[in-house]
Amino acid sequence: MTPFHRLSRFFRQAPSPPRTPITSNFPILDSAVKIEEERMPAFDRGLFYPVKLGDVFRSRYQVLSKLGFGANSTVWFCRDLHQHRYIALKIYIRSSEVNREVQVLKHLSSVKTNHPGSSLVRKMIEEFEITGPSGSHQCIVYEPLLTSLLHFQATLKPQSLPEDLLKGALQQLLLALDYLHSEAHVIHTDDSIFREWDTSEEAEPSPRKVDSSHTIYKSRPFHRKKGWSGFGMPLLSDFGEARLGDVHDGSIQPDIYRAPEVILGMSWTSKVDIWNVGALIWDLFEDHHLFDGRGPNGDHSDAHLLAEMIAMLGPAPLNFLRKAPQSRKYWDSNGRWKGAIEVPQCSLEDSEEYLEGENKKMFMQFVRKMLRWDPEERQSAPELLTDPWLIAQ
């Protein structure tokens, strides 16, 4: 061992002791009102690990506050007592099934690549299992991220990304998609912004519901400080629905972002993500969804969604429909729409409200390269990265 390494080991910081959590003077919420993960349609309290603020996992990760939740997990802001840094800890519900997200993240960790898009994909630090009252739970440790693009957008006035920021985000997203296909879009930041969350629980304890077996906390998401403008590259994250391989079957994607081939029961490839990018642009830039897809009762309807696609994109190509197992529910053998739903009077161009002239024309050409009925006609991520509108200053 060199003298330098002996010296660095001598000066290495010892692990920090766990902090004593707040045990009083926090807001108690009405036990009859459902909050957070309780509001998920298939919520089962017994499936979630009963995390408490102050808990320490693996003898090193102390829980400081709750960041968020989903149908299958909760996410916690933690202090790494060994390496004196902040991390995000995702704790999954109890399940006997192999966790798809863990599989994908392990695969990512094993990939050796110099592709620039790999740095734009969120990687896990480590994964482990813990045992709860009703079984085992898988856990993933990540670097914490500041916020999602959509939450960042909500802080803007008006609530739409400026064109230059949209272009930058799309370039990074497409570069990451060229390396790996995913859905969630988040903004990354350095460690300094997290320091005030370290002590925020002491200054303003999280509201919570408490009973003898389980405490449910209100999330404390990160927010930009007033006047703070420092943020890093957007990262792709959340691989819970990611797939390994090239061709798949089955239903995927949230209703309003679902690609035509998925709706019509066809096999699908990475081109479903290109469709997602095209649809997501409206959320980020136009401040509204491109498609609605709801019937008169407010519930999702594939027929209404397909009718909107016809209005926005034009008629579906006959050669595409002939490959779609479920197309005869909505079209006749000649490709004429026979759905009971009338095609609405709207267009893709009319739904874009901010651009004008040649710039709008170029933007619409860019979008139409992604929003194509036939996935084989959608451009790939590398092709889209050279689009004239995207690279124009």
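Placed from the backbone N, Cα and C atoms, the Cβ positions cover glycine too.
It should be emphasised that the depicted structure is a prediction, and the values quoted were computed from it without experimental measurement.
As annotated by Swiss-Prot, active site, proton acceptor applies to ASP190, with the evidence given as sequence analysis. Among the features that Swiss-Prot reports, ATP binding site is placed at LEU67, GLY68, PHE69, GLY70, ALA71, ASN72, SER73, THR74, VAL75, LYS90, with the record citing sequence analysis. Here Swiss-Prot flags 61-390 as domain 'Protein kinase'.
With respect to Cβ neighbours within 10 Å, the binding-site residues PHE69, SER73, VAL75 differ, and VAL75 shows the lowest count. Of the listed binding-site residues LEU67, ALA71, the Cβ environment within 10 Å is emptiest of other Cβ atoms at ALA71. For the ATP site, the Cβ centre of LEU67, GLY68, PHE69, GLY70, ALA71, ASN72, SER73, THR74, VAL75, LYS90 serves as reference, and the other residues of the chain with Cβ at most 8 Å from it are GLU37, ILE91.
In this entry, ATP is bound by LEU67, GLY68, PHE69, GLY70, ALA71, ASN72, SER73, THR74, VAL75, LYS90, whose most widely separated C-alpha atoms sit 14 angstrom apart.
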